[in-house]
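K.L.:
So TrEMBL lists these for the protein:
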REGION    1-21  region 'Disordered'
TRANSMEM  47-69  transmembrane segment
DOMAIN    92-560  domain 'Glycoside hydrolase family 9'
ACT_SITE  490  active site
ACT_SITE  538  active site
ACT_SITE  547  active site
């Protein structure tokens, strides 16, 4: 609580006046002759000028006092560190720096010298050797194990790239622009290895490296064993797909969005665009879900590929300026197949599985800033309306989603691992608010009611503040932020001491089952989150509470950078359109005459 000054107003000073008793003893003695009219007029003017001067002087003094009160530093009562998270405004920039550190901890391959996670080392250096002529070293481990899933990894890179395109100035102000670009490039470099990126046409691509068999067998794999990635001595199998439209279109989105981030590195940007074109062509020609009849269905099952067509098509248009991609992305049938107009739980919730809410906001951006007109306007207007409906559903005035008593919106309808959905919604809400502000639009309609853009930022802040510790448990779900955060994160590398001892597949179980805090703090990991009653069990073996993922952290990073720095630093309206030609011919300059 701030200590306010006690004097908020101007005190009235009583004017001395004689009492009735005093008046009875007053004698007036005239000692001067009467004044003539000219002298009286002069004295009146003089008195009037003196009164004006006194009033001005008093006003100046009062104004100076008010200015002094407002500008002098105020004394604050120091609160205990444990209560620091109760502040109304939380330091999003500090949280952003920590959330980015999680990606350093998830790196696979030969680590750079500046990786800055002391308990991590080189790992997965033989990835891909079991497949013919493949080098699959690099990329990111998905969560607390050592599997590299291309589907959520691609979504994570797309989300990070989107946030950089919109908020590069905020990243730079936070001193994190080079870091986030390194994080993205580490991911895209790996994705380029998972298919023949130099070819124009492909017939397959890699879906994952590693296995997570959950049938309860004793064959060494990433779920039966509990080992540091650096110590894995069992085979990491490579899975490929031949008809996987969803995965290929998502990978195309990742490479296309990153090509805009790296537009100043022309050679690399063009390499990313070429790879994206190849992938998107494959996604359209070889229809099918990547997770059908595969192990991935247990972990990252894809509902459909229609949302990836809209999402990937929109990113391909922004990366290339080719209107054929825009024509595809704005086909209403695509969105209809993806469930845009069906409603129901989850229809407006952005996730690694449902890209449609993000795609429709991405295309709403086009309508707000370029307004391409016919033949795209009708579809873009529908997408804009759908986006507005999504935003209405996030507001507490509506009952689209339940909230916990602590205020956390239940976008996954009370199921476990809620935070990944919450942070994505916070990013979309803030971004839509910034889009409207940049378009000089003060708000939007939810039915007959008009709402200011400020209510979207308020929603986003309350949700992110909940994640950072403003919740009934005063628990920060971002590891390393604040003083009270999960200590038993479900993560193999963090839970096993970096003591030069190589624990075997089953030898690591003692660390998995230990009730002690992790010996290594995995700074920046956002865990899965609390249950629908705001409860949380800090137990390593309960991944529904304590496991982090790169897809979840990507949404958190995007939301944090969007909220950081206040509203003074607006979005970058132009970089997204770097490859997009003007929609209409530029008018000729006026004649000289």
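Every residue, even glycine, has its Cβ placed from backbone N, Cα and C.
Quick one: where do these features end up spatially?
P.N.:
Under a cutoff of 8 A between CB atoms, and with a sequence separation of 6+ in the same chain, the neighbours of residue 490 (active site) are 143, 144, 527, 540, 541, 542, 543, 546, 547, 548.
Around the Cβ of residue 547 (active site), the number of neighbouring Cβ atoms within 10 Å comes to 21.
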K.L.:
Grab the pLDDT values for the domain 'Glycoside hydrolase family 9' (92-560) and give me their mean, rounded.
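P.N.:
Averaging the confidence scores along the domain 'Glycoside hydrolase family 9' (92-560) gives 96.
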K.L.:
10 Å Cβ neighbour count around residue 538 (active site)?
P.N.:
16
